[in-house]
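Read through the structure below, which is laid out as structure tokens, and then see the notes.
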């Protein structure tokens, strides 16, 4: 296999003690050889290597222990726990417990989602301006925002004593929570690049992280569901009031009795939601402390201490021009839209299209459990056969089964589809976060003088994926509205059933197919990834040698 990368030494060193360093843009303009990355391969061929091949084994100082990987994974789990709780229960909480009208609830949810997407690049900008501290550059962000995030999350589930301003209350705290969770998630995602310089170690840490996050989603749905289950029963409603009361035939005494019981029950519902918020907030604090104690953030080993962080606007332009990042983001945009369509419409599909309303909770848990179990398999698969191959095999797996469920509405088929869907969900979660560090490495070789660009990559990727999720939710809801969806009805008209089948079957298949077609032109193959790894190892060796030389000269 051709190594395909090279380092060109300066022909006229300034002194006999000078150390060869990678060439900058000026040297490249003079026609000298330089690094070649995936983004450049259409313009020039890879030169022959002029450096000694670095052994493939991991440096001992870059080897991550199982404890470090576990602590890193635990740090990201509470985000998914809270995300699962809000995804399943925030809407019904705003309507039934906080009792704001549906239009106000939709504004809260939409504006909160949009604000969360907007804050990603903003937080990425401020992270690029951050200075290195004793505990790192990213860790202070996560440790600093966690207490405020817990407080905002708790008050998101608190019903204020006033009624006229509740809409503003929930809109403000939901946007505040989205801002603070972004301040945690963007540096946490970028932390992958600062755990180790070895690609295998980073991929392994990502697998640990994805497993913990899938388990966090499962735990969030289970904890929130079990604690607040009593807030959504019909036992508090008199039987007579459930039937004739809605027709206006109940007596005044029955109405007063029903109102008294409802007020007592509403107080109970408020309490259980606050208990659930307190439990999840406590998990946030504990898991963040565990991550802080068990994870060491390493400084960028490929740049000297004199390198300045890249300005955000220049970094934004460079990132948006980097072909491998655009290809990866576009591909997984469509794939994430497909997964989001299935996830957001699955409960409605089970309830109204296939008459599985008594089983949807167990089916959802089956999907999440299958995903959690499958992540180690996909980690082994991508190491054995490559990441692009894993993406194609893992994500295409879901397509025939979703179509099968749409045309064969059967309980056994539903559980088969749940297990198969979980396998693909695991691949869709693991692979983009495993491939994104490879894109950052590729960018690093193409822009060797830049530093501090990691947060830009992760914040922009999060922005685009959140934006795509918001569009998919909005479009699917509009489709149901145009089909004649009847809110609160026990059964939906045939056009709604047909629309739900399209949203579960045909639409995700079309999005996945589009995403995979884009992924075909993703330029970082396994050969390119290995060449980049060798080039980065050489760059790291030169940086260490240069620093050692400076120390020797200063002590002489």
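Glycine residues also receive a Cβ, built from the backbone N, Cα and C atoms like all the rest.
A TrEMBL annotation is a machine prediction, not a hand-curated record.
Your range for transmembrane segment, going by TrEMBL and the list 239-260, 503-524, is 503-524.
Between the transmembrane segment (362-382) and the transmembrane segment (316-342), fewer than three CB pairs separated by 6 or more residues in sequence fall under 8 Å, so the two stretches do not touch. Remote same-chain partners of the transmembrane segment (503-524), defined as residues 6 or more beyond its termini with a Cβ less than 8 Å from a stretch Cβ, comprise 38-39, 41, 323-324, 327-328, 330-335, 337-339, 341-342, 345-346, 349, 353, 388, 391-392, 395-396, 398-399, 402-403, 405-407, 435, 438-439, 442, 476, 479, 532. In this chain, the transmembrane segment (138-156) touches the transmembrane segment (272-295); three or more CB pairs sit within less than 8 A of each other, excluding pairs fewer than 6 residues apart. Highest Cβ contact count with the transmembrane segment (414-434) among the listed stretches 316-342, 389-408, 455-483 falls to 389-408 (criterion: pairs under 8 Å). Note: the stretches the transmembrane segment (168-195) and the transmembrane segment (455-483) are in contact (3+ CB pairs below 8 A, sequence gap of 6 or more).
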